[in-house]
Amino acid sequence: MNDAAPQNPGQDEAKGTGEKDNGGSMSPRSALRTTAGVAGAGLGLSALGTGTASASVPEAAQTAVPAAESDESAAPKRQGRTMAGVPFERRSTVRVGIIGLGNRGGSMIDLFLAVPGVRVVALCDTVRDKAASAAAKVVKAGQPAPAVYTKDEHDYEQLCARGDVDFVYVATPWDFHFEMAKTAMLNGKHVGVECPVAMRLDELWKLVDLSERTRRHCMQLENCAYGKNEMRVLRMAHAGLFGDLLHGAGAYNHDLRGLMFDPDYYEGPWRRLWHTRLRGDLYPNHGFGPVANYLDINRGDRAVSITSMGTPALGLAQYREENMPPGDASWKETYVSSDRTISLVQTAKGRVVRLEHDVSTPHPYSRINSLGGTRGVFEDYPERIYIEPDHANDEWGDFAAYADWDHWLWKEHANPPGGHGGMDYIMVFRLMQCVRLGLVPDFDVYDAATWTAPVPLSHASIKANGKPQQIPDFTRGEWKKSRPGTDSEKPSEP
């Protein structure tokens, strides 16, 4: 039986920062209601500054970790069938609806339009000028004028209900991600969500369960998994060049102080306000996703627990003191998020992954992106490698010498369009290729949940003075089965 989903139910641009400006902590539904009166609060980059600076931490973040054993028996009972290894249903043209047309969505539309076999049929943003600008891009690309939804903060529901949309792309502020992904799947649409896919552990479980029940894919669109260096290291790791894999590290260390206090860049304080609510790693996906791919997390190994520690929260307050005028709204905010969060993730095979997050102190951009095994190590920022027998005498080698290991996607698209060094286009191209050809996606809802779980769990660990927190087995045992991921084989069809 075919288990495809039914048809109807900092760094320079050469490497790319991977920064994705999407989008503050109440439930998503109440956030939607509250933001209705925020002037100029587009879904693309909404203000979301609804509470005071002392807004309470989400309840699910405070009680993020259930009392559970270390195996899959602790997971809630599966309500559907696994989505691991389930292909998309094949189609000649992929019809895309885009929700959120701010900094991220407004630029990503160009890449969807650049991929053959893709039509952008519907757009949604409460800021009408942004929607109109995006619609003009569609027409300029030679496609029919898309349907446009700008009525209010609930109009995205109409986009999701359309019968001519196959895939929904969500690029809104973080509060909206869960609700929009949920709505898309309930309307029979596959959905791709910018980082992070949700902010609460219970929401992650709900997305997993809903994906299984509806047979719709829900994916975290992690562009850094498609970086040129990341994909080269992935192929080398899976070919055994690093020996038996032991450890890795990833991060999102990106000085965002100026952008978070810029009244125009984010079109409101939503990004900064998260620093008044959670103490942990707010953005683990860029670092965790690629390393999880190296280690075959959810494909032979799994993340079991996380231990997190955080520094005092001083950087944003100091920046405000030195740069913001008296009377600025930011003076009402109290920052609690650690300037630097450091987490250690243990896997079922005993490997260790180090994660870092720092967006509020001065430092060069880095995602760390390292991998070590019994035969050597790779470290990024700057890129360097040391593996036996190629290197000796404690001298780093030139990573460029391993260009033959580049992934087929980078060999075919040597100079891809778009930002972040081309990884955005590679991601969109491959995603749309999988949808169009009816292939299994490179990553799925289980990866989305696993890569995002450090958000609430690091907060819980820091609050518990570094006590380890269990990472749920979102796959309910499917992780034990080896299966393909981002290290894909080139399909026979273009």
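Yeah, the Cβs are placed from backbone N, Cα and C, and that goes for glycine too.
Annotated features, as they stand in Swiss-Prot:
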SIGNAL    1-55  signal peptide
REGION    1-35  region 'Disordered'
COMPBIAS  12-22  compositional bias 'Basic and acidic residues'
REGION    59-86  region 'Disordered'
BINDING   Asn103, Arg104, Asp125, Trp174, Asp175, Phe176, His177, Glu194, Cys195, Asn223, Tyr283  NAD(+) binding site
BINDING   Tyr252, Arg271, Tyr283, Pro284, Asn285, His286, Tyr365  substrate binding site
REGION    463-494  region 'Disordered'
COMPBIAS  475-494  compositional bias 'Basic and acidic residues'
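Each residue contributes its Cα atom, and for Pro284 (substrate binding site) and His177 (NAD(+) binding site) those atoms are 16 Å apart. Rounded to the nearest whole angstrom, the C-alpha distance between Cys195 (NAD(+) binding site) and Asn285 (substrate binding site) is 7. Site extent for NAD(+): the farthest pair of Cα atoms among Asn103, Arg104, Asp125, Trp174, Asp175, Phe176, His177, Glu194, Cys195, Asn223, Tyr283 sits 24 Å apart. Between the CA atoms of Tyr283 (NAD(+) binding site) and Tyr252 (substrate binding site) there is a gap of 7 Å.
Recorded residues His286 (substrate binding site) and His177 (NAD(+) binding site) have their alpha carbons 17 Å apart, per Cα-Cα distance. Largest Cα-Cα distance over the residues recorded as binding substrate, namely Tyr252, Arg271, Tyr283, Pro284, Asn285, His286, Tyr365, equals 18 Å. Fewest other C-beta atoms within 10 angstroms, among the binding-site residues Asn103, Asn285, are seen around Asn103. Within 10 Å of the C-beta of His286 (substrate binding site) we count 26 further C-beta atoms, all protein chains included.
Under the DSSP three-state reduction, Tyr252 (substrate binding site) is assigned to strand. Across the binding-site residues listed here (Tyr252, Tyr283, Tyr365), the residue whose Cβ sits among the most other Cβ atoms within 10 Å is Tyr252. According to DSSP, Asp175 (NAD(+) binding site) sits within a helical segment. Neighbour counts of Cβ atoms within 10 Å were compared for the binding-site residues His177, Arg271, and the top value is held by His177.
Note on proximity: among Asn103, Asp125, Asp175, His177, the binding-site residues of the record, the Cα nearest Arg271 (substrate binding site) is that of Asp175.
Mapped onto DSSP helix, strand and coil, the region 'Disordered' (463-494) counts 4 helix, 2 strand, 26 coil. Cα-Cα distance from Tyr365 (substrate binding site) to Asp175 (NAD(+) binding site): 26 Å (rounded to the nearest whole number).
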